[in-house]
Amino acid sequence: MATSTKYCDFLVIGGGSGGLASAKRASGRYGTKVIVVEAKRLGGTCVNVGCIPKKITWNAANLAQSMRDAKAYGLSVEQRAPFDWASFKAKRDANIKNLNNIHERNLEKDGVEYIHGRARLVGKNESMIKLDDGTEINVNAKKILLATGGHPTVPQGIPGGEYGINSDGFFELDHQPKKVAIVGAGYIAVEFAGMLNALGTETHLLIRHERFLRNFDEMIQDELVSEYERVGIHIHKKSKVEKVTKAGKLTLHYSDSTGQGMLEDVDTLIWAIGRTPEVQGLGLDVVDIKQNEKGQIITDEYQNTTVENIYSLGDVVGKIELTPVAIAVGRKLSDRLFGGEKFNTSKLDYDLIPSVVFAHPEVGTIGLTEEEAEKKYGRDNIKIYKSSFTATYYAIMEDKGPSKYKLICQGNDDKIVGLHILGLGSGEILQGFGVAIKMGATKKDFDSCVAIHPTSAEELVTLN
């Protein structure tokens with residue numbers, strides 16, 4: 001039974017990127033009375049078990065690779081310098097804790113009330129919050145935002161599957177595995193495989209098909225699979241884990257196109273097979289909020305759920321599961337709800353959203369793949385421009401990493417409808433070119449820009 005009742009204009013359930021952005025915009029800009037409820041740590045997946053700790057780990061892996069590259073530049077550096085995982089993890093964790101505190105201070109600065117607890121809907125304008133000490137408070141709100149995010153999917157029906165960890169568990173590892181098995185073919189699996197291999201772990205990646213990142217352009221898929229195999233990552237294609245046994249270390253029993261296989265002496269098994277919306281115990285059924293077959297909350301283009309004055313966004317909706325998307329949607333929602341008539345039709349345009357996979361090397365993409373462009377416009381109505389080159393960084397090395405770019409254009413004016421890049425610095429390169437493409441750039445616009453030489457990015461303004 002609730003011990004007290006609070007009232008607000010806007011209750012945000014979930015303190016991740018989208019929820020925080022919406023809450024701060026509503027309170028800080030429009031003076032709305034806002035309460036944010038979060039059951040775990042502020043910042044959500046991105047800050048705690050996603051983008052930020054991942055990128056820090058990726059930076060460490062890049063440094064390890066750079067040390068191996070240094071010899072080609074005449075620098076006498078130990079090729080396999082020992083990596084102090086425990087010290088690195090402590091510093092990474094401290095950084096995350098600092099970000100949690102920054103988010104809390106920013107909420108206070110913007111006048112948002114923050115409650116640490118677990119919320120469940122008990123009515124269309126009412127939620128019950130269970131606090132850390134077990135007591136409950138009732139919150140009555142004019143409008144409610146559900147931004148609870150997601151959690152890693154756990155495999156079902158695999159004997160011994162519990163011996164593995166999920167992607168969240170990766171960031172809790174207190175030592176570096178000597179041998180790792182990663183199951184999955186999405187960006188999380190691919191990023192983990194690249195990082196651990198670069199840091200010196202014997203890395204095995206088990207995928208269900210011939211290639212990974214299957215939603216990306218075929219050029220990206222083919223080149224990255226080839227590069228991962230070249231640098232020593234063991235890719236088990238068309239494989240399916242049947243069971244996992246443990247006798248000290250782990251043994252994976254799997255099947256593939258050649259029959260049955262075993263992967264022995266595995267220190268750590270990581271399941272990276274997708275993510276599930278965080279809706280358990282949220283009380284969606286109490287107010288009859290509809291979900292799709294994946295359990296994601298159904299919304300329209302304005303974040304309206306099937307219940308009036310209840311909204312939802314971010315990973316729990318699952319449209320495009322990227323932090324900047326959730327932030328943009330959250331701000332636009334608050335503009336529309338509290339910013340007046342001029343924002344009545346404010347919504348996010350989901351076309352041409354850039355994204356990057358921090359693999360080794362990085363890959364970036366915006367717009368249509370070649371296959372998608374062909375289906376949409378017809379083969380005769382698109383033009384493909386490609387470049388495969390050696391970045392200057394590798395010029396004096398024997399071990400040369402790949403760089404490949406693809407530009408997809410459509411119509412008589414060669415409007416750019418897709419860009420796919422693989423190689424050093426892809427993330428930084430794509431951000432700028434993404435702006436141009438979002439503004440409707442054509443191939444002629446790219447050609448008219450004088451190149452910066454010598455850079456990898458200049459390839460995009462000199463494509464033939």
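Cβ from N, Cα, C; glycine included.
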Original post:
Say TrEMBL lists Gly184, Ala185, Gly186, Tyr187, Ile188, Ala189, Val190, Glu191 as binding NAD(+): which of Gly111, Gly259, Gly261, Gly274 is in the same site, per that record?
Top reply: Gly274
Subject >> Per TrEMBL, the disulfide partner of Cys46, chosen from Cys8, Cys51 >> reply: Cys51
Subject >> Output field, NAD(+) shell: CB within 8 Å of site CB centroid, site Gly184, Ala185, Gly186, Tyr187, Ile188, Ala189, Val190, Glu191, Gly274 dropped >> reply: Phe192, Phe212, Leu213, Ala272
**OP:** Determine the most Cβ-crowded residue among the binding-site residues Gly184, Gly186, Gly274, using a 10 Å radius around each Cβ and all protein chains in the structure.
**Re:** Gly184
Original post:
Of all the Cα pairs drawn from Gly184, Ala185, Gly186, Tyr187, Ile188, Ala189, Val190, Glu191, Gly274, the residues the record ties to NAD(+), which distance is largest, in Å?
Top reply: 14
Original post:
Among the binding-site residues Ile188, Val190, which residue has the largest number of other Cβ atoms within 10 Å of its own Cβ?
Top reply: Val190
**OP:** With an 8 Å cut-off on Cβ-Cβ distance and a minimum sequence separation of at least 6, pull the same-chain contacts of Lys55 (FAD binding site), or say none.
**Re:** Phe358
**OP:** Take the domain 'Pyridine nucleotide-disulphide oxidoreductase dimerisation' (353-462) and average the pLDDT across it for me.
**Re:** 98
